[in-house]
Amino acid sequence: MIQIKDLHKSYHMGSNSLHVLKGINFNVNEGELVSIMGSSGSGKSTLLNILGMLDEADSGQYILDNVPIKNLNEKIAAKYRNEFLGFIFQSFNLINYKSALDNVSMPLYYKGVKRKERTDRAMHYLEKVGLAEWSHHLPSELSGGQKQRVAIARALASDPKVLLADEPTGALDTKTSYEVMELIQGINDEGKTILIVTHEDDIAHMTKRIVNLRDGVIIDDSTVEQVRASAHV
Amino acid sequence: MFNRERWSEILEALSANKLRTALTAFGVAWGIFVLVILLALTNGLRNGVTADFGDFATNSMFMWTQGTSKPYKGLPKGRYFNYKIDDVAAIKSQIPNLKYVSPRNQLGGFRGANNVIRGTKTGAFEIYGDYPEYINQQPMDILQGRFVSYSDINEKRKTCVIGTGVIKGLYDKDEDPIGTYIKINGVNFMVVGTFKMSNSQGNQEEEANTIYIPFTTFGQAFNRGDRVGWMAITAKDNVPITTIKQKVFDLMKSRHKVHPEDDRAIGHFDLAEEFGRINGLFSILSIVGYFVGILVLMSGIIGINNIMLIVVKERTKEIGIRRALGASPWTIKSQILQESLLLTTLSGMIGITFAAFLIWGLNTILDNAGPTENFANPSVSMQVVFTALIILIVSGLAAGFIPATRATKMKPVDALRIE
């Protein structure tokens, strides 16, 4: 599903140049649940941003679902993001003046789906994350866990190939974190490919594979025994 | 592009900070209000002043004789002479591009004694001897009957056309003047028509107290022979009378043995020149109105530009989220442009509406107060309103352009990082 070869990325700040990614190679197959770990500054977020086409690599190859991702202009990048990717952020990033339902249906709006169908599909995903009753509430009326579940529903709405989660449990307490992870595991069980950036060990062990990053290179990439989040709840 | 979601998004964004939106909108509304009002007032002044010219064909001049100031061909200076009816024919045949040449004679007038009698009633009126063309130069409403005709001229008929003041002075109420006779300076004339000036030259009373009789009859009945008091000369529409008048003067000088350089011998009043001068003044006033109005409007537009920049700045993160969800830069840009466009046109319409109400109010007051010196019917044409709307739309787009570009310039990853 994802193939990455020799990916490099540097940031330039004035005369200083910071080499963040120093040749990353890795592949993700369809249906995998991968966590990317590393201390802060290890480049894990940068990697995720490049995978999410929010940022561009300096050099290297990135193939997503057999489509080479390179020389993107913003218009095509937006289209690919909409079609291929679903984002889950640490701070949820819901639009605060829109109801949960409107938030979830937003990717469908940008995809050009008709209003009626959009609402139906958004409602379907809200039901899936167990928030059908909250569909008309504003994000400010929801708890942190609920917000993240709305965000997950939104990420799923356009039926993307890959879900990218950047510290999805970073702003949640342990219990809620496990609930969210349970949901993510469930979605993965249905066959969705998911990448999670985290620095929490217990969260990483709820995935099927852990990729460890340090100073811009992968130091460890191993399959692990998945811990079901439901065991903790 | 214009679907329901887009509109509800725009309205949500604009109503997120109602006071700010209202204040910004006020800037533009005020600008367009000032623009429209300035133009309307200019128009009111123009209408008021040009109304003083009445309906008289503006491309005209009046020409009369004065004493000569130079001796010529054995004739002394200080000599008086008169135009003759032949002069009219000569002007018509020798000077091209003239539309009407009307010789005129007058009897009575300012502080004149009673000169018209009907039965036991008498009155002091102005009597003019005129040709039928005169009604084309001085438009008037014929209320009953007709104006002087060529049959009247040719046969020197004793007919007359009387104004409303004459009717009031000589007739009882509900009496039909047509076919009756009035005695002007002892000569009986039959009334064949009545008239009213449609647009006053400022002296309505005098105009109403006017009697027109055929020019030829005038000459015979009142001992003027073929002498012409003065002439009203109108040029063709596309040829200003100002450019032709010298030829007319030269012709008259040669026909009456006046020294070619004796400019005092021929008196004239160039209506076209006066009218052009006044019109030029008001054109300049209009330009000033546009200029000032647009400057005021511009400060409103800059306000919108500012607010949109702030809105974009405030929503940087939201824009980042939207782009992560698949919004293309153009989608974002067009939304910001539409917001700015909606805000400008809507507030502009409010400004125009208020201006329209004010103009309407002014007109009502003016109507109730009666004729006012040099001011009448302040108004703007639809053309001006459309111009204002186009200015609004263009400036709305211009105001949104910089913020819209700013909104999509940042990389989504940086936009998302902003808290």
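Every residue gets a Cβ built from N, Cα and C, even glycine.
According to TrEMBL:
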type: DOMAIN; residues: B:21-248; note: domain 'MacB-like periplasmic core'
type: DOMAIN; residues: B:291-412; note: domain 'ABC3 transporter permease C-terminal'
type: TRANSMEM; residues: B:21-41; note: transmembrane segment
type: TRANSMEM; residues: B:287-312; note: transmembrane segment
type: TRANSMEM; residues: B:341-360; note: transmembrane segment
type: TRANSMEM; residues: B:380-402; note: transmembrane segment
Who are the chain neighbours of the transmembrane segment (B:380-402) in space, where the CB to CB distance is under 8 Å and they lie at least 6 residues beyond its ends?
28, 32, 35-36, 39-40, 43, 294, 297-298, 301-302, 304-305, 308-309, 336-345, 348, 352, 359
Just give the helix, strand and coil counts over the domain 'ABC3 transporter permease C-terminal' (B:291-412), going by DSSP.
103 helix, 2 strand, 17 coil
Report, as numbers and ranges, every residue of the chain located at least six residues beyond the transmembrane segment (B:21-41) whose Cβ falls under 8 Å of a Cβ in that stretch; write 'none' if there are none.
14-15, 286, 288-290, 292-294, 296-301, 303-304, 306-307, 343-344, 346-348, 350-352, 354-356, 358-359, 362, 378-380, 384-385, 388, 391-392
Quick one: average pLDDT across the domain 'MacB-like periplasmic core' (B:21-248), no decimals.
88
